Amino acid sequence: MAAASTSSPVVSQPQFTAMNEPQCFYNESIAFFYNRSGKYLATEWNTVSKLVMGLGITVCIFIMLANLLVMVAIYVNRRFHFPIYYLMANLAAADFFAGLAYFYLMFNTGPNTRRLTVSTWLLRQGLIDTTVTASVANLLAIAIERHITVFRMQLHTRMSNRRVVVVIVVIWTMAIVMGAIPSVGWNCICDIENCSNMAPLYSDSYLVFWAIFNLVTFVVMVVLYAHIFGYVRQRTMRMSRHSSGPRRNRDTMMSLLKTVVIVLGAFIICWTPGLVLLLLDVCCPQCDVLAYEKFFLLLAEFNSAMNPIIYSYRDKEMSATFRQILCCQRSENTSGPTEGSDRSASSLNHTILAGVHSNDHSVFRKETKMRGGHHLLRDEQPPPPERPGQGRV
């Protein structure tokens, strides 16, 4: 009897602790989490896995080389030393590191996933989250910059280099924080019942947050570009009533429309399916989301390869700089800024703004002349004051 009464507190104490304290599984293997979530963990390389890995590595190499070419082109060509191109270079840097992150993923996926620890698995996913967030944030920053320049009737913003650096620092700070959140606590290691099926160590709540965050960013970009298109269309219609160049105005509007469709279309095609799949993973347990996971991962990876094409290769001078770099030729623009460098615009910027900028000034002058008044345009300077003795006689 005495022995029984002595041993009972020893047995009841662990039961009380287990019922009230969350149980964490930091020392468990990756296979433990995959088995609980029902996600298949391969033991050997099959044909499909080899094809996916080969295609993924090829895309990664193209991503890194293409974005490296963009960064070098912006560095060597002094005519690209403007805020919009600095943001494009930062976008290329984000996509370059995305290629590295995907490259690391390709060599630590499939059967190699079994060798990962909890920390290395979180690192693998955190690198992807960081670079993806930086890339999406750069796309948003470029959309905001284009919105400002169009509405101010400028080819380049007058934002100082210091402010550009601040924007870039904010982008990467936010990206690093977003990528590190699961590693510092927002995971399911201590909440095993709420683990995701697609990412077995990630919490369902984090994946919902991350998907909604990116979808909201997408909506903001849609609104910005729609506002730009509506504004340019309105100005173009106004100019067509006062100028003799309606075809040029129509071409300007259509060029902007094509650019918006390409930008938004690439984002929708590459990102929306994967983001919706993350939401279905949480909200639709009966949906077989794992069957489409690798396909949508490659699709999202292609976005980093398409960004240099959309934002850079459509620029004629950027294309010329590419050819000069690849052919090891020296350009006149690499030696220093030219006198008219501030007025030289990329074909992308010029297509959107040049016709609006020049023709709208002529329309404004015609209107003010009809009213008999004189107004200064935004880019014009007031006439110098007359000196004594130089007035009219």
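Glycine too: its Cβ is placed from the backbone N, Cα and C atoms.
In the predicted model, the topological domain 'Extracellular' (1-50) has a mean pLDDT of 67. Residues or ranges marked as topological domain 'Extracellular' by Swiss-Prot on the basis of similarity to another entry: 1-50 (among others).
According to Swiss-Prot, the feature disulfide bond maps to Cys24-Cys190 (among others). In sequence order, Pro22, Gln23, Cys24, Phe25 constitute the residues six or more apart from Cys190 (disulfide bond) in its chain with CB-CB distances below 8 Å.
Summarising the environment of Asn27 (N-linked glycosylation site), the number of other Cβ atoms within 10 Å of its Cβ, over all protein chains shown, is 8. According to Swiss-Prot, the N-linked glycosylation site annotation covers Asn27 (among others).
According to Swiss-Prot, the feature N-linked glycosylation site maps to Asn35 (among others), an assignment based on sequence analysis. Asn35 (N-linked glycosylation site) falls within a helix when secondary structure is assigned with DSSP.
Feature annotation from Swiss-Prot assigns 1-acyl-sn-glycero-3-phosphate binding site to Lys39, Arg124, Gln125, Gly126, Leu127, Ile128, Asp129, Trp210. In the three-state DSSP classification, Trp210 (1-acyl-sn-glycero-3-phosphate binding site) falls within a helix. In sequence order, Asp129, Met178, Leu278 are the residues of the chain that are 6 or more apart from Trp210 (1-acyl-sn-glycero-3-phosphate binding site) and have a CB within less than 8 Å of its CB.
The topological domain 'Extracellular' feature in Swiss-Prot is assigned to 108-121 (among others). Counting residues per DSSP class in helix, strand and coil order gives 10 helix, 0 strand, 4 coil for the topological domain 'Extracellular' (108-121).
Taken from Swiss-Prot, the feature topological domain 'Extracellular' covers 185-204 (among others).
The secondary structure of Cys195 (disulfide bond), as reduced to three states from DSSP, is extended strand. Taken from Swiss-Prot, the feature disulfide bond applies to Cys188-Cys195 (among others), supported by similarity to another entry.
According to Swiss-Prot, the feature topological domain 'Extracellular' maps to 281-294 (among others).
Cys284 (disulfide bond) carries neither a helix nor a strand DSSP state and counts as coil. Counted within 10 Å of its Cβ, the other Cβ atoms near Cys284 (disulfide bond) come to 11, all protein chains included. Residues or ranges marked as disulfide bond in Swiss-Prot: Cys284-Cys287 (among others).
Look at Swiss-Prot and you will find Ser341 tagged as phosphoserine, backed by similarity to another entry.
Annotation source Swiss-Prot lists region 'Disordered' at 369-393.
The annotation compositional bias 'Basic and acidic residues' is assigned in Swiss-Prot to 369-381.
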When distances run from the Cα of Gln125 (1-acyl-sn-glycero-3-phosphate binding site) to each of the disulfide-bonded residues Cys188, Cys284, Cys287, the nearest one: Cys188
By Cα-Cα distance, the member of recorded positions Lys39, Arg124, Cys195 nearest Cys287 (disulfide bond): Lys39
Nearest-integer angstrom distance between the alpha carbons (Cα) of Asn35 (N-linked glycosylation site) and Cys195 (disulfide bond): 11
Cys287 (disulfide bond): tally of other CB atoms within 10 A of its CB: 13
